Amino acid sequence: MPIIIDKDLPARKVLQEENIFVMTKERAETQDIRALKIAILNLMPTKQETEAQLLRLIGNTPLQLDVHLLHMESHLSRNVAQEHLTSFYKTFRDIENEKFDGLIITGAPVETLSFEEVDYWEELKRIMEYSKTNVTSTLHICWGAQAGLYHHYGVPKYPLKEKIFGVFEHEVREQHVKLLQGFDELFFAPHSRHTEVRESDIREVKELTLLANSEEAGVHLVIGQEGRQVFALGHSEYSCDTLKQEYERDRQKGLNIDVPKNYFKHNNPNEKPLVRWRSHGNLLFSNWLNYYVYQETPYVL
């Protein structure tokens, strides 16, 4: 089934070229189907790339989704044209009286700041509070996961001596959890972080369950409130070349950045990346949508 997006959204062309089934809002209105309402709070500066990454994954399920893109009203985005935001995005104020089946909160390149130093922190707190009663399930990614764990449960983040950067092996820690349905016991996921949350802090919160972690990269998947809140510290949504682009960008800035681990063939940045996370990335998003959104949401929101 398709994802419903604006016919002029640039990501639409990318998805159609990859045979991802997309549908315009105009066509969807002619069908007698109650599509799932999914909001994506896009905190990334690379808005269009993030749109394509997430839409690619949530569009790869049998469910019909009506996608709403959100940006922060209290933050000025400098890396995306204002016309793009005006045309395709809403703010929290626009939708705060609505209910949603699912919400995705992305990462953001602000992790070296304390949460309270982030210029849109107060607005984000209001959105996270709103999600507790107006969203069936919320998926938090990377910094968004750190923010959610901190706001909802008081779980702190800690600076790392070296950036966790690359593709890492993870182990499933809880069997028979629907979010991990179909997962191998060992699976890969990308990480790109300067900070971490610690397993010991997660285990001190009785409402949280650690689902998967990595010896090298630490905590990856955590679930809370019977699936109403899902936290992914890694980036299973990343495209094949995302880590490569981050690596090359930082080198051009003159930063001392290591080659992303377990990513390039023969660990040689002149060779192509090896994608080892795509199947489990698709499983993660499809399981979230099926078991924690579709199966749990009421027909009338």
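Any Cβ shown, glycine's included, is placed from N, Cα and C.
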Message: Looking at substrate binding as recorded in Swiss-Prot, which candidate out of Lys161, Lys163, Lys272 goes with Ser192, Arg249?
response: Lys163
- prompt: To which of the recorded positions Lys163, His235, Arg249 does the lowest count of other Cβ atoms within 10 Å belong?
  reply: Arg249
Message: Give me the sequence-ordered set of same-chain residues, not including Lys163, Ser192, Arg249, with a C-beta within 8 angstroms of the centroid of the substrate site's C-beta atoms.
response: Phe165, Leu243, Glu246, Tyr247, Asp250, Ile257, Pro260
- prompt: Near Cys142 (active site, acyl-thioester intermediate), which of the recorded positions Lys163, Ser192, His235, Arg249 can be found within 10 Å, Cα to Cα?
  reply: Ser192, His235
- line: One of the recorded positions Glu111, His235, Glu237 has its Cα closest to the Cα of Ser192 (substrate binding site), namely His235
Message: Can you check which residue among the recorded positions Glu111, Glu237 has the largest number of Cβ atoms within 10 Å of its own?
response: Glu237
Reduced DSSP assignment, Arg249 (substrate binding site): helix
Field: For Glu111 (site 'Important for acyl-CoA specificity'), the one of Lys163, His235, Glu237, Arg249 that lies nearest, given that the recorded positions are compared by Cα
entry: Lys163
